[in-house]
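Since the structure comes first, as structure tokens, the remarks are kept for the end.
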Amino acid sequence: MPKRGKKGAVAEDGDELRTEPEAKKSKTAAKKNDKEAAGEGPALYEDPPDQKTSPSGKPATLKICSWNVDGLRAWIKKKGLDWVKEEAPDILCLQETKCSENKLPAELQELPGLSHQYWSAPSDKEGYSGVGLLSRQCPLKVSYGIGDEEHDQEGRVIVAEFDSFVLVTAYVPNAGRGLVRLEYRQRWDEAFRKFLKGLASRKPLVLCGDLNVAHEEIDLRNPKGNKKNAGFTPQERQGFGELLQAVPLADSFRHLYPNTPYAYTFWTYMMNARSKNVGWRLDYFLLSHSLLPALCDSKIRSKALGSDHCPITLYLAL
């Protein structure tokens, strides 16, 4: 299908910010490259107008939003719910809620239409991890986790089955500062891949959420300085590539915008990274290939505030 578009910062949870100037070509170019590498150049991303029809001209019938909110209560105080009300998705997926189900903010009941709400959080770690799925339509079936005890202790996955697809929202484990959880992350990646492959063999799959990896160099601002940092190690990038191939799944944003640079979904709170757009693309909508004819658009709402991540939106014509 026709393509619609046209190349970092540090993994979340506080890894050090590194920048590296590009190769010098001339004095003027060198200054410009140095500024852009330091996050000071005009390397901003403008979300283009929403495309609400499929390649065949069918109008979009489903709108899904995903957002790592970095704590539900703080996100609500920062007016995150106002954005959701304006965006008006059919399904809303939230990650890093940091909130047990019995302590959910009452304001969540004010979301118009999103009355079917499902939550998962660690049973023994208040204020850590957690995901939510809110829907206008009642799913046929909802389950939690990936069926593997090692990986189902931290409230990271919700699966909702609908008539024509299965939706998985996930908050993938971070390899951590100093890569202290990289080995665990690799075990997770393998188990998650097998789980998703099983789901996708029965019904078309949509996977969304904070997948905690920038797949290619175009997906973060300073790739050279982050190859040994969580979110951009060779192991994590390889694991993501294997996920795409084995399930198989397509990265909806790169399918439509293969060469669009500076399109990020996460910015560390340090060093004014967001205002300089020194970011990472860690949040994704991945689709079964059979859903690509229904893909209308995959959006990065980079101007929406309320978290160190921004929301992303998917339009499908089902």
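The count begins at 1 with the first shown residue.
The backbone N, Cα and C atoms fix where each Cβ goes, glycine too.
Swiss-Prot annotations:
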| type | residues | note |
| --- | --- | --- |
| REGION | 1-60 | region 'Disordered' |
| COMPBIAS | 16-38 | compositional bias 'Basic and acidic residues' |
| MOD_RES | THR233 | phosphothreonine |
| REGION | 289-318 | region 'Mitochondrial targeting sequence (MTS)' |
(request) Give me the mean pLDDT over the region 'Mitochondrial targeting sequence (MTS)' (289-318), rounded to a whole number. (result) 99
(message) Looking only at the region 'Mitochondrial targeting sequence (MTS)' (289-318), how are its residues distributed among DSSP helix, strand and coil?
(response) 6 helix, 12 strand, 12 coil
(request) Can you check which residues sit near THR233 (phosphothreonine), meaning Cβ under 8 Å from its Cβ, same chain, 6 or more apart in sequence, and list them in order? (result) ALA175, LEU179, LEU182, LYS227
